[in-house]
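Feature list (source: Swiss-Prot):
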type     : residues : note
ACT_SITE : Lys80    : active site, charge relay system
ACT_SITE : Ser160   : active site, charge relay system
ACT_SITE : Ser184   : active site, acyl-ester intermediate
Amino acid sequence: MNELRKLSIAQMHNGLKQRSFSAVELIEVHINAVENEKLNAFITKTPEIAIKAAKTADERFSQQKDSTISPLMGIPVGVKDLFCTKGVKTTACSKMLENFIPTYESTVSDLLLKSGAAMLGKLNMDEFAMGSANINSYFGPVENVWVRKSDGEKVVPGGSSGGSAASVAGFLCAGALGSDTGGSVRQPAAYCGVVGAKPTYGRCSRFGMIAFASSLDQAGVITRSVSDSALMLETICGYDNKDSTSSERPVPRFSNFINGDIKGRRIGIPKEYRMDGISEEIIYHWEKVSSDLKENGAEVVDITLPHTKYAIPVYYLICSAEASSNLARYDGVRYGLRVNADILEEMYSLTRAEGFGKEVKRRILIGAYALSSGHYNEYYEKAQCIRALIRNDFIKAFEKIDYILVPSAPTEAFGLNEKPDPLIMCINDVFTVPASLAGLPAISVPVGLSNEGLPLALQVIGNYYDEAGMLNVASVIEQNCSRIIKLNS
């Protein structure tokens, strides 16, 4: 029965439709895997919710076999612990919200559950989505299913959606919800050898998603194939009047556009992404995939995105400033942790000192400094101006090209026991942050293995609201590259 865990979402759906196996059988084998997992990917398990969804799915499939049944009906999924789930603990992996149980459902998880998906539980993450390795969780780090060949060293899964990526790579679930602020879906997907996609900013509602940086936060998905990502994205995207930034643009059936035809498409390669610190192995695969796309009929051209070098400092200034504002609500008064004290101000201070982890405190301090009266113009306003320039670089580039091909991360995953400097950690996001600042859709696709036997990935960036075309290009890359997803013994 463990073979069921290795099926794609589409294969699971076909098996359920043909009654080759029941949804209850499918879910039970995944529940058993989750109960025995050693990756620390799941922090809250919801087997009762999953079995209930499976029984409902079996009833639907026994009564109806037409195309009106959702492709996610009865499919085992995980939800990043950043999305509020009604009646199920939602912590953002912080001591501050250790015992918080929401009274409402986030829009994207609600859409997923209404499609019939079976939620196996809530997934580990960096605290309040602040991190690039999933080592900043109150509930402990997540382990990657892949290990270094030379020494058997465990490696990080990436972050902040490390639990989402590790659970999918480890065949604990077929797909997972994640969030992407500066690359938190794409970078862990790259490290874990799976597919991670974020849509255009505004495609998915942010209602019920615990805020980190509101102008950057966007829901995304992690799966084991591009076609599976398309199925999940078309389920969770759509207008929501509860989110003022939600787009009213119609959402096409993304999966219908995956046909492998990219003839005449212009693919841009930005020269600024060939920077110091990028591994030779990444460069090799970048050039190889570019050549493959040419053979498939695409035109590959050099482009320039001149303000790329400012993306990392601009991103960390803006996201830290927004985080300092968003996290001001955690004061021990309304909900979450409270540390009692005789004086109100002391209660605020003690609560936040105990409730927040080191990385969250660091970013709050950076953000508060950037927003302070003496530095607002010097830092925050300038960062917003340069963000506009970065966005304009992309707009100008897309006047002449259709898609952009860049690495997802500069290197393979680093060791779990390594303790890199926070500044070094920032560099891990160097290739994902620009698309986030511009609000563009992007997808990370595994393209091969390093000499250490660890996954390497490239990223396709699409124009605004062109997720369908982006997914199609990604599917061609996926087909051209040898399949690297396997259970790592």
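Just so it is clear, glycine is given a Cβ too, placed from its N, Cα and C backbone atoms.
Model, not experiment: these values are computed from the prediction.
Lys80 (active site, charge relay system) falls within a strand segment according to DSSP. Rounded to a whole number, the C-alpha distance linking Ser160 (active site, charge relay system) with Ser184 (active site, acyl-ester intermediate) is 5 angstrom. Around the Cβ of Lys80 (active site, charge relay system), the same chain contributes Lys122, Leu123, Met125, Ser161, Gly163, Ser164, Ala176, Leu177, Gly178, Ser179, each under 8 angstroms and 6 or more positions distant in sequence. The Cβ of the residue listed as 'active site, acyl-ester intermediate' lies under 8 Å from the Cβ of Asp126, Ala129, Ser132, Gly159, Ser160, Ser161, Gly178, Gly220, each on the same chain and at least six residues away in sequence.
Ser160 (active site, charge relay system): 34 other CB atoms within 10 A of its CB, across all protein chains.
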